[in-house]
Amino acid sequence: MSKYSGQNLASLSPAEIKQWIDSFDTVLTDCDGVIWVDNNPLPGAPEVINRFIANGKKLFFVTNNSTKTRPEFVEKAVKLGFNVNIDNIISTAYLAAQYLKNVGFSKTVYTIGSTGITKELDAVGIRHIGIGPDTIQGSLADTVSSFVPDTDVGAVIVGFDEHFSFVKMMKAASYLNNPDVIFIGTNTDERFPMPDRVIPGTGSIVKAMVTCSERDPIVMGKPNPHICEIIRKEYNVDPARTLMIGDRCNTDILLGKNCDFQTLLVETGIHNADDIGKYGKSDDPAVRALVPDVYLAKLGDLLPYL
């Protein structure tokens with residue numbers, strides 16, 4: 001098969017599928033929509049993941065979800081039947097904390113997000129403020145005048161925050177008005193569509209802060225290549241022999257392209273074969289970059305070949 005061909009893996013012979021499986025040593029996989037949906041494992045996914053591990057492949061769950069710590073992801077995964085530990089988890093909250101640790105950050109972080117971020121900051125000994133509800137008290141003028149910036153704030157992290165508010169936007173933008181304050185976004189996922197409603201994603205909050213602060217963040221999550229650097233340095237992986245599995249072309253598959261990984265799209269989440277067909281016909285190179293190497297109806301379909 002050729003790279004970026006968007007070929008249906010199921011159309012290949014068993015020998016060709018086996019040869020493809022033998023072509024990678026490391027597996028990176030998205031979580032929601034690929035191996036589970038909410039708190040339910042997708043059919044065959046635990047068995048495929050566990051077989052990968054048993055066969056000696058390095059395996060990592062790579063998630064843009066910043067609301068949970070790595071131990072919390074492990075707890076969920078084990079309950080759903082996946083034989084993983086903390087070393088198998090790469091989350092955006094963890095990446096954000098590690099980034100600040102690696103640059104020698106010693107000040108305070110103003111956090112728009114959840115305890116998934118602050119617990120990872122706690123783990124590396126970084127002070128933080130801002131978590132929890134923060135709304136207008138009295139009039140807008142009263143709220144603005146009562147805000148006294150913490151002079152020790154040296155970074156702003158923006159993740160998913162169900163309590164995101166005008167007040168939080170004002171405070172974060174005020175800190176970011178200082179060009180020396182580091183601006184980190186955990187990811188840029190736009191939204192989470194449901195049958196009869198849309199849940200705004202972290203990207204919606206990050207974009208609001210970009211507009212207000214007139215600055216662009218360092219983005220930790222997919223498809224930003226920052227993840228590639230950490231994986232290459234920490235785990236010594238060969239990009240050519242690494243597979244990225246996902247359900248979103250604009251995050252998972254694009255991450256694979258950005259890192260020179262092989263890519264597999266499964267149709268149990270956001271994008272499917274119809275989307276691949278549309279992307280492949282586009283005249284825009286950026287759109288054509290969303291085409292994976294191969295796709296499959298569901299991850300569990302690999303089980304007979306492992």
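The backbone N, Cα and C atoms fix where each Cβ goes, and this holds for glycine too.
Its Cβ placed at the centre, ASP247 (Mg(2+) binding site) has 26 other Cβ atoms within 10 Å. Taken from TrEMBL, the feature Mg(2+) binding site covers ASP30, ASP32, ASP247.
TrEMBL lists ASP30 with the feature active site, nucleophile. Annotation for ASP30 (Mg(2+) binding site): same-chain Cβ neighbours under 8 Å, separated by at least 6 residues, are PHE61, VAL62, THR63, LYS222, ILE245, GLY246, ASP247, ARG248, THR251, ASP252, GLY269.
Positions annotated as active site, proton donor by TrEMBL: ASP32. Cβ contacts within 10 Å of ASP32 (Mg(2+) binding site), excluding its own Cβ and spanning all protein chains shown: 18.
Annotation source TrEMBL lists substrate binding site at LYS222.
Cβ atoms within 8 Å of the centroid of the Cβ atoms of ASP30, ASP32, ASP247 (the Mg(2+) site) belong to the same-chain residues CYS31, GLY33, VAL34, ILE35, GLY246, ARG248, ASP252, THR268, GLY269, ILE270, site residues excluded.
Within 10 Å of the C-beta of LYS222 (substrate binding site) we count 29 further C-beta atoms, all protein chains included.
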